[in-house]
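**Student:** Got a structure for you, questions after.
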Amino acid sequence: MASILVSGVHKSFGSTIALDGLDLEVATGEVHGYLGPNGAGKTTTIRTLLGLLRADRGTVRLLDGDPWRDAVALHRRLAYVPGDVNLWPNLTGGEAIDVFGSLRGGLDRTRRDELIERFDLDPTKKGRTYSKGNRQKVALIAALASDVELYLLDEPTAGLDPLMEVVFQDVIRQLRDDGKTVLLSSHILSQVEKLCDRVSIIRLGKVVETATLLDLRHLTRTTIEADTREVPLGLDRLTGVHDVTISGHRVRFSVDSDHLDEAVRHLSTLGLGSLVSQPPTLEELMLRHYGDELAGNGREKVGQDR
Amino acid sequence: MTTTTTRPTPPVRPAQRAGGPLTGFGALLRLIARRERIRVPVWILAIAGLQSAGAAAYPGLYPDEADRQAQALIIGSNPAMKAMTGPGHGLDDYTFGAMMTNEYLGIAVIFAALMSVFLVVRHTRAEEEEGRAELVRANVTGSEAALSAALVAAVIANVALGAAVAIGMAALGIETIDWPGSILFGAAFSAVGIVFAAIAAVTSQVTQFSRAASGMAGALIGVAYLLRAIGDVMENGLSWLSPIGWAQATAAYVDNNWWPILLSLVVAAALAALAFRLAARRDVGAGLRAERRGVAEGSALLGTPVGLAWRLQRATVMWWAIGMFVFGASYGSAIDVIEDYAGNEVVADLIENLGGATLTESYLAMIMGILAIAVSIFAVTSALRPRREETSGRAEAVLATGISRTEWYASHLVISIVGSAAILLATGLGLGLAATGTSAGSSILGQVIPAMLSYAPAVWVVVGVALVLVGWAPRATLVAWIVVVHAFLMRYLGALLDLPEWMMSLSPFRHIASLPAEDFRALPVLLLTVLAVALIAIGLAGFNRRDVEAT
Ligand SMILES: Nc1ncnc2c1ncn2[C@@H]1O[C@H](COP(=O)(O)OP(=O)(O)OP(=O)(O)O)[C@@H](O)[C@H]1O
Ligand SMILES: [Mg+2]
């Protein structure tokens, strides 16, 4: 069963096309990574899922409801952390957490206090005196302290320090173990690699790839570094092998996943001294997906961002 | 938005930071000029244009000397008119020039003050609040560059305004509106603008919020107007505490005194110096007071939509109630003097023209009409609050919880509706209590409270107009201010010029009976209430259909 089911959604702002036939499926109980370059449409997707924006075309289903029509009922079953957290300057962080909690229909007090402790937040400071990371913590605690089915997190840890990142990953794993669903938009690839069951990659308002990390890796190359007793010649004649560099008895190359077998067999005929294989990182996967156009940000827009 | 306006500056190494506190002043001034290239010229042309248009109407209204002299009698002998216009320079030979100084200057310079306040706050405190100042300060700019650039920009804008007014007046070629008088008349605009620019520079140091900074400076504009109104009616010298009073003391076209201009400039310089001293004592982005801590948990009330809206608007409502109470009380304490005016013959005639109302009643009616419009300033600010929550991105997080758009909209609406009624009540209490304390009698409190409250439907219509904009044209919400400015102008000019009735009747305030000078009329009160409800519902329908935007 899917907690989120988006199909063929279009959304434009004047002449800027933000979503261009977006399809997205998030299964119940999974942590789903949502990746894409700046301006790809991640925030727009999440705001549409919340019924804050109305899709121009296409269907959006969220927890078996229509987010535009059933907003209130659905919102009681989900929690949201915006990408840019703005707090009321004259309310303390603790007050803000409770405001969000009460308006959502109550939050778990012990969990709230525990999270405040774990995220090391001072809840007595006024909104305007918080640093960016601390504002982010307020929104995170308000969301994570509520017992809901679905969490929509838009770059929730932008601005958090590495220690807090560890706490965050811990809490998310716990949510997954409890069977909650999480949509996690993020630019922090190591975070996505550690937490997500599946990822969707969005570019120019379209999801171009949805897969498990394992499946994604199969689509790409593994990097191999080896020491051989004989001079490692002949590798570049094998199919699927690329970027061979040789220095003395040391060789480094990358190989398509489906030709890995032959390449390693060839190496062993040369007398293997040592072998290190590196699976492709998410960075490399991402670069393959939109690397060539990263420089220009890949978006042909009629109207520029203001 | 920011990337196009900040010009690239070379990176600084600490060793290069040898410049003085004014380093980068020129670059910042050019930046302000670029960002203001439309806004300030529009202000200048609008102010000078309105002034010229008003002046151009006079020869048609008062073709000969006898007409003008009759007008002089009405203005000079009626305390309500005096409170509204000015101290009465040149009444004994009431030329067109004298009319301009006496009837126009006091109101028109308020717009110069507003232009200056917004300009200075926009380029000082607002920049800091939004964090742009940090970017600028981290580049090669000295600690005093930003404040200096904003003040110099304000001086340039005001000199340009003065020149535009002077040219616009003298170019009309109306007799007695000559060049020397016009230049001084324009200089009076500049002087008031410059004083309030310096005041805004001070308030921008005192508070951390641009809205509070312009709010304080705006309240001081009100105080300046009030001081001269009371001072002019009671003839007790209070007008000398008011920058607007100084502008009127120039008596341009009558005596052509330049020294009040000088006085204004000296005061402005002193205020600017104060602003620089205050600025030197604080950090970028900070106010003068260190932030206090608060409670760690929200109350039960805060967790409800109305509780949250009240918490967010509470300070505004209370300050308005206190301020309007004081305003009302000041006008009320002048009641004693009003009846003294009744001694002379002209006034006796005048009273007959007023249709049976006593001088006190017509004074109260006129004052309350203006005070009620002042309350609509609160109404607009409050009605636009949901929009501010939206653009700041806070509404998004709230609307993602289990509160519907309608509930959220209604929660702020309640504060606007009840708040404006409460502020009207506070105004009436101030006016009535102060008047009761005088010898003029104790019946006044019972008269003014229902009178002030009878304006509530008109204020609610203003709320409704603002909310229609919030619902259907969220990027054009500033248009709501036109309703307020129009109401003020109609109230003021309507008494001086023969404006067409349709133009005046566009103001909701026009339809409410001027109690206690007129008899209460229930129908307009009812119809305006219905109109307000309809506008509010239309606004809600629009808001429920549209996207929630974050900037
Ligand atoms: N209210 C709006 N008005 C106009 N254009 C908008 C608006 N909101 C978003 N856009 C545009 O839609 C596109 C998608 O923006 P969105 O914020 O969804 O990107 P994103 O993937 O979240 O990017 P980032 O990683 O930078 O957060 C961008 O080109 C953006 O400029
Ligand atoms: Mg985003």
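In case you wondered, yes, glycine gets a Cβ from its N, Cα and C as well.
Sharing the record's features from TrEMBL:
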TRANSMEM  B:40-58  transmembrane segment
TRANSMEM  B:104-124  transmembrane segment
TRANSMEM  B:145-171  transmembrane segment
TRANSMEM  B:183-202  transmembrane segment
TRANSMEM  B:209-230  transmembrane segment
TRANSMEM  B:258-279  transmembrane segment
TRANSMEM  B:317-335  transmembrane segment
TRANSMEM  B:363-384  transmembrane segment
TRANSMEM  B:413-436  transmembrane segment
TRANSMEM  B:448-471  transmembrane segment
TRANSMEM  B:478-497  transmembrane segment
TRANSMEM  B:522-543  transmembrane segment
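Quick one: how deep are these features, and who are their neighbours?
**Tutor:** Long-range contacts of the transmembrane segment (B:104-124) within its own chain (CB-CB distance under 8 A, at least 6 residues past either end) are made by residues 32, 35-36, 40, 43-44, 46-47, 50-51, 54-55, 85-86, 146-147, 149-151, 153-154, 157-158, 161, 185, 188-190, 192-197, 199-201, 203-204, 210, 213-214, 217-218, 221, 224-225, 228, 243-244, 247-248, 252, 492.
Beyond the transmembrane segment (B:317-335), the same-chain residues lying 6 or more positions past its ends with a Cβ under 8 Å from any Cβ of the stretch are 79, 83, 215, 219, 222, 226, 229-230, 233-234, 360, 363-364, 367, 371, 374-375, 378, 382, 415, 419, 422-424, 426-438, 440, 444, 448.
Counting same-chain residues at least six beyond the ends of the transmembrane segment (B:363-384), those with a Cβ under 8 angstroms from any Cβ of the stretch are 79-81, 83-84, 222, 313, 316-317, 320, 324, 327-328, 331, 335, 338, 357, 412-413, 415-416, 419-420, 423-424, 427-428, 431, 435, 444, 447-448, 451-452, 455, 458-460, 462-463, 466-467, 470, 477, 480-481, 483-484, 487-488, 491-492, 495, 509, 512, 514-518.
Same-chain neighbours of the transmembrane segment (B:448-471): 332, 364-365, 368-369, 371-372, 375-376, 379-380, 382-384, 386-387, 409, 413, 416-417, 420-421, 424-425, 427-429, 431-432, 435, 477, 479-480, 483-484, 487, 508-509, 511-513, 515-516, 520, 524-526, 528-529, 531-536, 538-544, 546, counting only residues six or more beyond its ends whose CB sits under 8 Å from a CB of the stretch.
Remote same-chain residues near the transmembrane segment (B:478-497) are listed as 54, 57, 61, 81, 84-85, 103, 107, 366, 369-370, 373, 376-377, 380, 383-384, 462, 465-466, 469, 503-504, 506-510 (criterion: CB distance under 8 Å, separation of at least six residues from the stretch ends).
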**Student:** Same chain only, please: residues at least 6 beyond the ends of the transmembrane segment (B:40-58) with a C-beta under 8 Å from a C-beta of the stretch. Say none if there are none.
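**Tutor:** For the transmembrane segment (B:40-58), the far contacts come to 96, 99-100, 104, 108, 111-112, 115, 119, 157, 160-161, 164-165, 167-169, 171-172, 174, 177, 189, 493, 497.
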**Student:** Using Cβ atoms and a strict cutoff of less than 8 Å, what residues sit near the transmembrane segment (B:258-279) while being 6 or more residues removed from its termini?
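**Tutor:** Sequence-distant neighbours of the transmembrane segment (B:258-279): 143-144, 147, 151, 184, 187-188, 191-192, 194-195, 197-199, 201-202, 204-206, 243, 246-247, 249-250, 288.
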